[in-house]
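Database features (TrEMBL):
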TRANSMEM  31-49  transmembrane segment
TRANSMEM  56-76  transmembrane segment
TRANSMEM  127-147  transmembrane segment
TRANSMEM  159-182  transmembrane segment
TRANSMEM  219-241  transmembrane segment
Amino acid sequence: MAHYQQDTPAGISLKVFYNQAHEVKQSVDGFILNFLMALAIVVGTLLLFMGLRSGMVIAASLALNVLGTLLIMYLFKLELQRVSLGALIISLSMLVDNAIVVVEGVKIDHQRGHPLQQAIARMVRRTALPLLGATVIAILAFAPIGLSQDSTGEYCKSLFQVLLISLMLSWVTALTLTPVFINWSEKRRSTAQPEQTEPSTPYQGIVFRLYRQALGGLLRFRLTTLTVMVALAGSVAIWLYTREAELFSPSSSTPVFFTDLWLPYGTDIHYTANTAADIARFINQDPEVAATVTTVGQGALRFTLTYDAARQYSNFAQIMVRVKEWPTA
């Protein structure tokens, strides 16, 4: 700024209205915090419902998936921004699915009396293709966003790319690294305490018995069950859709808003400029206003991806208003 200020004519000063680096850093920092909170929630849920040993195995696979995704993003020059971080947050719950299937399957087979190595090999062979199909289906659900040729694809392309990388990586790690973690964990367990010699039936608890009875009843009346579920799901979906606000992007946290001035068509551009200047002076009288920038005849340069500048009109002016930051304490 100081360098450019030296070359400006007398009476003209340069001031910062929108510091993109500062705004991006604040936005990314907020998303990183949300990502860490989501990661902690996922890991805590795994430990609570899967048990400490199985939960730690799945959490280790999740950590490697996230780190591997970040590495591949770096190699392919995918930036860490709001959309890509949002994709990581979305994918967290899906990244553990493949590992959960493998861990739970090996655990059940091992409890039924199969040797550990045989249980691991058997589960990997049985689940490789089904898990791949489920992973590809999840990826294809986001394909229209990534393959879109309009502004939506431009803005959300990294969402599809990050989900593609992370979900495919989760499938690979579930079939390669997760069995290694299971083997290592069970060996440490067998060293610490003697392994159970008698096979056990893992589905004899009260929860599984109640679930089996409920499932059997639903399957006996499968046509009625299917009809009720489709009707219930459809009615709830329609009811929620009518009450959900249509918003492609969340509201911006940047304290900047725009005031568009449209005068009658054919208005002289000088009259438009004078009118916009009067409005800007009125806005600047508000003590909460930090700065204003006025453009006449067209919008400003595209300083953010979501900003859509108006084309050239002699009757158009735009006033960008930045308000002061609200106190944080």
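In case you wondered, yes, glycine gets a Cβ from its N, Cα and C as well.
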Proximity verdict for the transmembrane segment (159-182) and the transmembrane segment (31-49), three or more C-beta pairs under 8 Å: no
Long-range neighbours of the transmembrane segment (56-76), counting only residues six or more past its ends (CB under 8 A): 39, 42-43, 46-47, 50, 84, 88, 92, 95-96, 99-100, 103, 161-162, 165-166, 169-170, 173-174, 177-178, 181-182, 185
